[in-house]
Amino acid sequence: MQPTCSLVLLLSGSGSNLQALIDDLERNNHPGRLKAVISNRADAFGLTRAREAGIETHVVDHRDYADRLAFDRALMAVIDGYHPDLVVLAGFMRILSATFVAHYRGRLLNVHPSLLPKYKGLDTHARVLEAGDPLHGCSVHFVTEQLDGGAVIAQASVDVLADDTAERLALKVHQREHILYPAVIRWFAEGRLRLNAEDAMLDGVLLPPSGKMIDIT
Ligand code: GAR
């Protein structure tokens, strides 16, 4: 029997990526075990999804702390109580301190709604439309000190059509994220994926700077 991999997930909103992970964890002898879901917002719908799946939840509200570091330390205390092998950011809309990121180096993943390194930050769908880009998508990456930086592990693209709106692009990107992110988390849980210095390695092979392109239609 392969060893298990304990996971803690952080979110701030709807948690559709959490739901995709919960669904994947139930399939095909997944070695991942989701121990807890933590949110900085008590009203995040993702917390409801977690409770319905019988997963422990916590709220660490950033407004209760004097500064970013105090918040991050409180967050780390809750996370470390579960001794996770992997921390999953899934729509966690807080910038994390260097202390936090260094503490989880090599075991901290994020999903971002763009083809990194393009469109770091917020409002990616509107910015893609404004720029007239024909291609958009999502990326899963190891988290480092740079905002939306860190080794890219995998990407999935979507075509931008003439009549696309930001809302429609968001839907199409979400649909890709729901396949891409669980796939990457599974690689990690199976011991196939790791951060080697600044680069992501899958099955012992260095991934290219843009990660592995996964075709999802
Ligand atoms: C996802 O689209 C994710 O890529 C994005 O937030 C959304 C969360 O959706 N994350 C970021 O923008 C981080 N920079 P969800 O709550 O339905 O999973």
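Note: Cβ is positioned from N, Cα and C throughout, glycine not excepted.
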Identity of the (6R)-10-formyltetrahydrofolate-site residue among R68, R73, R127 (reference: M93, R94, I95, L96, N110, source: TrEMBL): R68
H112 (active site, proton donor) and S16 (N(1)-(5-phospho-beta-D-ribosyl)glycinamide binding site), Cα-Cα, nearest whole angstrom: 14
Candidate nearest R68 ((6R)-10-formyltetrahydrofolate binding site) in space, where candidates are the recorded positions G15, H112, D148 and distance is Cα-Cα: D148
Distance [Cα-Cα, Å, rounded] between H112 (active site, proton donor) and M93 ((6R)-10-formyltetrahydrofolate binding site): 11
Separation of alpha carbons, I95 ((6R)-10-formyltetrahydrofolate binding site) and D148 (site 'Raises pKa of active site His') (Å): 9
Cβ neighbour count within 10 Å of M93 ((6R)-10-formyltetrahydrofolate binding site): 14
Those residues of the chain, 6+ apart, with a Cβ under 8 Å from that of I95 ((6R)-10-formyltetrahydrofolate binding site): R68, L147
